[in-house]
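Enquirer: The annotation heme b b562 binding site is assigned in Swiss-Prot to H83, H182 on the grounds of similarity to another entry. For H97, H196, the entry in Swiss-Prot reads heme b b566 binding site, with the evidence type similarity to another entry. Here Swiss-Prot flags H201 as ubiquinone binding site, drawing on similarity to another entry. The feature transmembrane segment is assigned by Swiss-Prot to 33-53, 77-98, 113-133, 178-198, 226-246, 288-308, 320-340, 347-367.
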Amino acid sequence: MTNIRKTHPLLKIINSSFVDLPAPSSLSSWWNFGSLLAACLAVQILTGLFLAMHYTSDTATAFDSVAHICRDVNYGWILRYLHANGASMFFICLYLHVGRGLYYGSYTYSETWNVGILLLFAVMATAFMGYVLPWGQMSFWGATVITNLLSAIPYIGTDLVQWIWGGFSVDKATLTRFFAFHFLLPFIVSALVMVHLLFLHETGSNNPTGIPSDPDMIPFHPYYTIKDILGFLIMLTALSALVLFSPDLLGDPDNYTPANPLNTPPHIKPEWYFLFAYAILRSIPNKLGGVLALVMSILILAIVPMLHISKQRSMMFRPLSQCLFWLLVAVLLTLTWIGGQPVEYPYVIIGQVASVLYFLIFLVFMPLVSAVENYLLKW
């Protein structure tokens, strides 16, 4: 008798995706982050659902409703901090996942890669709108500054901003629609994840060597399910430590002050995971130029497959490209630090140099170094 998981219409889809899926035998722990992201998304949707049961999206009561969740709702504090710090964990896994894709040349699967970029934009939009909901000082001013960037779009900019605000400033209408979108977007992200997996399973996984692994495949279960469970446990330990010992470590103290349109905080900044893009935005004196640079800082990932001229897929055997990759990581960390600093000397010039370097690495240095490595292969 054939096993039900191989015959049942629904179970056989799950079976072919997570049980009997042929996977390369050489996958390292860098391939854990896909499943960790799925776990993060599940945690965010569950905690978010319970938070939404107690939250009110009205400017008069939003801040108090968050305080009420933390003080009066059973285990409301842990729900709130799991949700807030779960977002940080989500972005850590997301950036490591993208970094792994860049390092090992996974971007050559262009459909999977492009859906991944869409996912990145969708998750960033969700996180931004979620940051506005507690209606603290940084929520309000962050929403004002970031949405106002759209006014840089020629001709339709001002109308577009007022349309998003639902009025002439960030107010009740803005908060209500941001809550609606923040609730809806994770489900759109879940649908995009399915598409991402669909395209991935069309081609099969890449592996650290970048060499086709068809002759050497092993079943996903039990080998990689066990490996993923270990990843879950490590991430859960880190998240629990963050939530239980220093829940406000990654937040902004200004967000514990209720939103006040008459009082601007001394330094407006987004959450830490957007600081690199915020630093790139600030490093360009022109408003439209800054907005374009901000969008391009993420959209540049879509150009990476077109600039891949190396004869080898992975960076595993390309030491020059490896140096460049770690330079890129250093530049990103520098930009993240600069994004959190005030706009003054020497931070401005450091931010500008790092921003130029960021784009140069992608557009000039990577292809150049690949060409040099191709030449060295002839020796």
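Backbone N, Cα and C define each Cβ position, glycine as well.
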Enquirer: Do you know offhand how many angstrom separate H201 (ubiquinone binding site) and H97 (heme b b566 binding site) by C-alpha?
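Expert: Between the alpha carbons of H201 (ubiquinone binding site) and H97 (heme b b566 binding site) there are 17 Å.
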Enquirer: Examine the transmembrane segment (347-367) against the transmembrane segment (288-308) and state whether at least 3 Cβ pairs sit under 8 A, considering only residue pairs 6 or more apart.
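Expert: Contact confirmed: at least 3 Cβ pairs fall under 8 Å.
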Enquirer: Please report the distance from the Cα of H97 (heme b b566 binding site) to the Cα of H83 (heme b b562 binding site), rounded to the nearest angstrom.
Expert: 20
Enquirer: Name, in the order they occur in the sequence, the residues of the same chain whose CB lies under 8 A from the CB of H196 (heme b b566 binding site) and which sit 6 or more residues away.
Expert: T112, V115, G116, L119
Enquirer: For the binding-site residues H83, H97, H182, H201, work out the Cβ neighbour count at 10 Å and name the residue with the minimum.
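Expert: Across H83, H97, H182, H201, these binding-site residues, the one with fewest Cβ atoms within 10 Å is H201.
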